[in-house]
Amino acid sequence: MTLLAKSLEELTDWVKDQGQPAYRGKQLHQWLYEKGVHSLADISVFPQEWRSKMADYPIGRSLIHYRSVAPDRTRKYLLKLADGLIIEAVGIPSEKRLTVCVSSQVGCPMACDFCATGKGGFTRNLKAHEIVDQVLTVQEDFQQRVSHVVFMGMGEPLLNIPEVVTAIHCLNKDVGIGQRCLTISTVGLPHKIKQLAEHNLQITFAVSLHASNQQVRAKLIPSADHYLLSNLIQDCQEYVQITGRRVTFEYILLAGVNDLPEHARELAKLVKGFQSHVNLIPYNPIQEVDYQRPDEKRIKAFKTILEQEKVAVTVRYSRGLATDAACGQLRSSVMVQ
């Protein structure tokens, strides 16, 4: 088995199976999650003979294939997995926190019209250790503890719930990040929101809405053809009832597509009446598509309408624009080179 993303109990059972005393499990746990070891051969508290014997045993760490740094100190990583596939992770520093944006899949099958990742197709789900590794890699590179993790990188997390939930538990219990500092973002899939809710996680849950009516959403998100907006909102209301946690709606503003005053009023009607918050995200243009970012006047007007309708709303801007750091962009640009 791969050791990363395993609990203290699982690691203790493993060392005992290898003929080692149980206390080695606690040592292994510490070296994996606190010291960030990449090889069992580097665990100095282990007997030299066993270290040499187990030197090639898979821990589950990946290699940094490419790294770029933006003027705002955002760092974008391409990580090479054990099978040679490439995924993205982003480290986003601010004054009092370090946030990591992680991928949950290699590529993405959702094929959203405005997304660079979707243009590259889908290969496979990530394993839990490949998700946790992204966080540890960024933490080591910054030499600073990660405070927040957002599942907003490559892939649709709700198509990989077992591995994502395992990673969530590991990041919480083993890496030491509070569940409320962990965010899962989804475009929404039938039955999957309730399935996630039943895990009773105290995470932040975000839905990539991006449209205020069915017609526009189906154009932007092909899967919306099979999942009506009205049903998505009902599932979000049920999520709030089950978990007691609010839903955050992510809304990318696309000039002339979903940023008109009538869209703002439609959006307000959708999200009022239950615990929710709207994040407005001005679009980060990519070469593959023709969508554009609205001007600041249009962004402010959209936000003002929501505020007048008593909707909790925040405008959030993408970090790392100078280094293709919005989701999917760096991988697509580097793979073309």
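Here the Cβ of each residue, glycine as well, is placed from N, Cα and C on the backbone.
Annotated features, as they stand in Swiss-Prot:
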ACT_SITE  GLU88  active site, proton acceptor
DOMAIN    94-324  domain 'Radical SAM core'
DISULFID  CYS101-CYS327  disulfide bond
BINDING   GLY155, GLU156, SER185, SER208, LEU209, HIS210, ASN284  S-adenosyl-L-methionine binding site
Task: Residues GLY155, GLU156, SER185, SER208, LEU209, HIS210, ASN284 [recorded S-adenosyl-L-methionine binders]: greatest CA to CA distance in Å - done: 19
Task: Averaged pLDDT score, the domain 'Radical SAM core' (94-324) - done: 94
Task: Of GLU156, LEU209, HIS210, ASN284, i.e. the binding-site residues, those within 10 Å of CYS101 (disulfide bond) when Cα atoms are compared - done: none
Open item on the list: So among GLY155, SER185, SER208, ASN284, all listed as binding-site residues, which is physically nearest to the residue listed as 'active site, proton acceptor'? Use the C-alpha atoms.
Closed with: GLY155
- [ ] Across all the protein chains here, work out how many other Cβ atoms are within 10 Å of the Cβ of HIS210 (S-adenosyl-L-methionine binding site).
- [x] 25
TODO: Any same-chain residues 6+ apart from LEU209 (S-adenosyl-L-methionine binding site) with CB under 8 Å of its CB? Would you list them in sequence order, or say none?
DONE: ARG217, LEU232, PHE249, GLU250, TYR251, LEU267, LEU270
Task: Chain-internal residues near GLU156 (S-adenosyl-L-methionine binding site), provided their CB is under 8 angstroms and they sit 6+ positions away - done: SER104, GLN105, CYS108, PRO109, MET110, THR186, VAL187, LEU189
- [ ] Could you tally the C-beta atoms, other than its own, that fall within 10 angstroms of the C-beta of GLU88 (active site, proton acceptor)?
- [x] 28
